[in-house]
Amino acid sequence: MNNHSEAESSGHGDNDTIPGWNEELELAFSAYKGSYVPGRVASRHKTVCDVLLPAAVVQAGISGALQKIGKQPVVGDFVVVLDQPELGSRMIVNILPRKTCLSRGAAGDGGGEQVIAANIDTIFIVTATGKDLNLRRLERYLAIVYSSGARPVILLNKIDLEDNPIRLVEKIQSIAGNVPVIPLSALSKTGLEALSPHLNPGETVALVGSSGVGKSTLINSLLGETVQRTGGIREDDEKGRHTTTVRQMFLLPNGAVLIDNPGIREIQLGDSAEGIEKAFSEIVDAASNCKFKDCTHRDEPGCAVLKAVKDGIIPEERLASYHRLTDELAFQSRKSEIGLKRLEKERFKKIAVDIKKYKKSTGKL
């Protein structure tokens, strides 16, 4: 947790002091005794995590056993820490069950998903007036957030730079459905009071959005102090300079928890099929009246979605965006399958090499 110094004493204490801790987590942790303490990951570095324990904020490594099975703690995770300060050792040995996961498609050729934050109740999708406002990008974010299990809220920042912000709010609302859209200025603190219903004590809120939309300024305004460096606005492209380098967790004065995520540079979909359906609910609703159950809504006869587009009920660009995201999801799935097959092939190849080495060493070749 930001603004805490590492305590010299043991991290043992009242578990309820860990933000977001509840009875379900207490039950999950009850099997651990002795030097094991619960904690919550506040920020993640390459090989260590900053972990909020009941009575201290410490740096803890990640056990080899966790790494071997591919379990990686992320910001927001509730974890089990083997706390042995007298030996100079603190190690994350397990991750308690996650109630929500914010994921995205992993970068690179292997496909798959990358979890970037966990145990989030609400996600603020932050955009800004000017060139950053992109409805297609917001649709992507909505699909990702819906898939996480968290509640989405869209924040339109920098309204002080816009003559008619209500027009932009209506534009965003046209693709957001029932998702709240809140106009504000983090710099002048205009409209921040509208965030109160979404910042409840003990709940966790994460901020996502592209670089330069003002997330750091928003955090500073909500905390009432400068804890995140901001980069100002470049006049040539109306964007703030990208400044956040690691995810961090902050405790607001009312007891709500705020997680800041760096601007997602590669907004790829993970396993977001359900999220896409929720983000494009009007298309899914219309599809229930299609002639064919496996209709792709491209050129099939009797397609109710294409009819809705023709009748002006569904905007053509919405359907085009839906197709782009579903095509991308299918591509990601194929890429992931290819990656798994490659790993399986490499595993069998290694087994064959090991068998050959064994036979050679025992003279059975």
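Placement of Cβ uses the backbone N, Cα and C atoms for every residue, glycine included.
Record features, source Swiss-Prot:
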BINDING   ASN157, LYS158, ILE159, ASP160, GLY209, SER210, SER211, GLY212, VAL213, GLY214, LYS215, SER216, THR217  GTP binding site
BINDING   CYS290, CYS295, HIS297, CYS303  Zn(2+) binding site
DOMAIN    112-267  domain 'CP-type G'
Worksheet item: When you average the Cβ positions of CYS290, CYS295, HIS297, CYS303 for the Zn(2+) site, which other residues in that chain have a Cβ within 8 Å of that mean position?
Response: ALA287, LYS291, PHE292, THR296, ARG298, GLU300, GLY302, ALA304, VAL305, LEU306
Fill in: Mean of pLDDT values spanning the domain 'CP-type G' (112-267)
84
Practice prompt. Report the nearest neighbour of GLY209 (GTP binding site) in space among the binding-site residues CYS290, CYS295, HIS297, CYS303, comparing Cα positions.
Written response: HIS297
Practice prompt. Inside 10 Å of the Cβ of THR217 (GTP binding site), count up the other Cβ atoms and send me the figure.
Written response: 22
Worksheet item: Within the chain of CYS303 (Zn(2+) binding site), which residues six or more apart in sequence place their C-beta under 8 angstroms from its C-beta?
Response: CYS290, LYS291, PHE292, CYS295, HIS297
Discussion item. Between all pairs in ASN157, LYS158, ILE159, ASP160, GLY209, SER210, SER211, GLY212, VAL213, GLY214, LYS215, SER216, THR217 (listed as GTP binders), what's the biggest Cα distance, rounded to the nearest Å?
Written reply: 19
Worksheet item: Among the binding-site residues ASN157, SER211, whose Cβ has the fewest other Cβ atoms within 10 Å?
Response: SER211
Response to the item:
Of the binding-site residues listed (ILE159, VAL213, CYS290, CYS295), the greatest number of other CB atoms within 10 A surrounds the CB of VAL213
Worksheet entry | Residue, out of the binding-site residues LYS215, HIS297, whose Cβ gathers the largest set of other Cβ atoms within 10 Å | LYS215
Response to the item:
In all the protein chains shown, the tally of other Cβ atoms within 10 Å of the Cβ of GLY209 (GTP binding site) is 25
Fill in: SER211 (GTP binding site): secondary structure state under DSSP, collapsed to three categories
coil
